[in-house]
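Engineer: The structure is given below, and queries will be raised subsequently.
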Amino acid sequence: MYGIALDLGTSGFRTQLIDLETKETLKTVITMGHPLPGGNVMDHLDFAITTGEDVAHEVIIETIRRMFLQFDIDLSRVERLAVCGNPIQLSLFQNTEIRDLAYAGENKQKMLGVRNVKRDARVFPASEIFGEKYLSNCEIIVPPAIKHEIGADALAMMLETDFLIQPEPSLVTDYGTNAEMALKIGDRIITASAAAGPAIEGQGISSGMLASPGAICDVKPEGQYWRIIVLDREMEKQDAYLIDPVKGEIKDSYGFEAVGITGTGVISAFAMALKGGLIEKFPKLPNGKLILGPGIEITEKDVEEAGKAIGAIRAAHMTLIVESGIKYEDLEYAYMSGASGAYVDAEDARRLGAAPGYAKKIVQFGNTSLALARELVLEKSRLDDVIEIAKKITADHLMMATSETFNNFYLCELSYWTQGMPLETYDQMLELYGLPPLPKILEHVTIEKRVSKDIEEVGSGGLSILKEIGIILEVPVEKCVYCKKCVKECPEAALEIVERDGQRIAKYDSQKCLGTSCRRCVGVCPEDAIDITKLKITAK
């Protein structure tokens, strides 16, 4: 019999097939992006609210079906499926209430009839989600949230690291599009999240990609050249070639080719450029770009996008410290999890602010959400332990969106990354806001890397990547005059207009569509023909 572990991440899904008798991982399948339109969790939530939770649920479930097909097994032999993710992803997966996550105000929730929403642990038949004929002998395990806004993924990053047992002030961050984080001071825990955006994982930048084979994940200096480091088919780091980042001259290739760059590669490139004097102030680059391989470049626009992500994380870290009442120098441990937390050079991350440069010890982990799901697959009784621990964690949640401290920090970060504001001016601005100056970066810290890759074991069947999920959303456009302005305006080539049975239809690739943060197609239409609230799923 088999078990399946599933991580519903904001930037993509990860799943593993496990032999329940031998406890061996047999195969790993990942997607190269989230199936819902948008680049962050709030985009996904907005899509579900606007278009309908049933549609969002259907897109997610169809994506999971397509991932499970990659296992090439008789799915009736799957006995257990454990699913982990943030509250929004897990609610959409289960097709349960999400409006409490969309509307923070109690009056608004009461007006909508939203009351006493609980996100407790659940064990239920897979037929409730997938129907009677699919996973017919399987039960689904969903771990609990700590609070409605502190989900199973946040619980996982606390459980799968040493975070909860540390007596000294400690910070844990799951580096991803939504950047979940928690600060522990004695028995007190403060949680938060920073909507860093997709650039932190390599999306939304010109040559960017999620961590996968061929992705540049790191760079190292060798004289005037940079050694490009890529991920191989087993997701291990491998030296590729030397390149002059200004001229693009390549030499000394080891045979590994790069096809794009991850967010961790971008962080390393920025750190190298600063050390080597190629960057004096952001976002300016020599000749307007850094060349990392044939067709692989970092532009000044990419610097701005990545800087917004790094800046959001640094601002959130500093906000947690300031609001908690401790000093920067009190922070003992910083735990880094997720793909970006695993692959990034922690020293580079410290120098740029993606990791707290004032923490005395940094420990790097991998995908803690998938790790917890795997534990629940292998040992169902582990859920009882998780529930008990979740009950004991009394966490306060700090909303960055309404925090004046965060807003002030982030304004300074934006000025630093997008306008080249000097650090001296940054400190002057902080003084005006009544905030402490930027923390000093410690020169001698302990960095411990406990994993070599995001997912330690991909299994004997290897890693399968679902690059194109292939889910299409359609809506009739009766007033369409076939000018195709919407198609030309779409920055991701996610849209096409077709005629079928005498009717014009707008077809969206759900994975490519930028969702709420874009909607250029709606704005540019001269006939106001596109009603995104009526989108429905169809096959590609």
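Yeah, the Cβs are placed from backbone N, Cα and C, and that goes for glycine too.
Quick paste from Swiss-Prot:
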DOMAIN    471-500  domain '4Fe-4S ferredoxin-type 1'
BINDING   Cys480, Cys483, Cys486, Cys525  [4Fe-4S] cluster 1 binding site
BINDING   Cys490, Cys513, Cys518, Cys521  [4Fe-4S] cluster 2 binding site
DOMAIN    504-535  domain '4Fe-4S ferredoxin-type 2'
Engineer: As a quick check of your reading of DSSP, tell me how many residues in the domain '4Fe-4S ferredoxin-type 1' (471-500) are helical, how many are strand and how many are coil.
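Structural biologist: Within the domain '4Fe-4S ferredoxin-type 1' (471-500) the tally stands at 5 helix, 12 strand, 13 coil.
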Engineer: Quickly jot the same-chain residues contacting the domain '4Fe-4S ferredoxin-type 2' (504-535) by Cβ under 8 Å, restricted to those at least six beyond its ends, or write none.
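Structural biologist: The answer is 31, 33-40, 42-44, 46-47, 50-52, 55, 59, 468-483, 485-487, 489-498.
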Engineer: When you tally the Cβ atoms that lie within 10 Å of each candidate's Cβ, which of the binding-site residues (Cys480, Cys513, Cys525) has the highest tally?
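Structural biologist: When each Cβ's neighbours within 10 Å are tallied, Cys513 tops the list.
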Engineer: Compute the mean position of the Cβ atoms of Cys490, Cys513, Cys518, Cys521, which form the recorded [4Fe-4S] cluster 2 site, and then list in sequence order the other residues of that chain whose Cβ is within 8 Å of it.
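Structural biologist: Output for this site, in sequence order: Pro37, Cys486, Glu489, Pro491, Glu492, Ala494, Leu495, Tyr508, Leu514, Gly515, Arg519, Arg520.
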Engineer: Excluding Cys480, Cys483, Cys486, Cys525 themselves, which residues in that chain have a Cβ inside 8 Å of the centre of the Cβ atoms defining the [4Fe-4S] cluster 1 site?
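Structural biologist: Here the non-site neighbours turn out to be Val477, Val481, Tyr482, Lys484, Lys485, Val487, Ile497, Cys521, Val524, Pro526, Glu527, Ala529, Ile530.
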Engineer: Limited to the domain '4Fe-4S ferredoxin-type 2' (504-535), I'd like the whole-number average of pLDDT.
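Structural biologist: Looking only at the domain '4Fe-4S ferredoxin-type 2' (504-535), pLDDT averages out to 95.
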Engineer: Where's the emptiest Cβ shell within 10 Å among the binding-site residues Cys483, Cys486, Cys518, Cys521?
Structural biologist: Cys483
Engineer: Nearest to Cys513 ([4Fe-4S] cluster 2 binding site) in three-dimensional space, by Cα, is which of the binding-site residues Cys480, Cys483, Cys525?
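Structural biologist: Its closest listed neighbour, by Cα, is Cys525.
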Engineer: Could you check which of the binding-site residues Cys480, Cys483, Cys525 is the closest Cα neighbour of Cys490 ([4Fe-4S] cluster 2 binding site)?
Structural biologist: Cys525
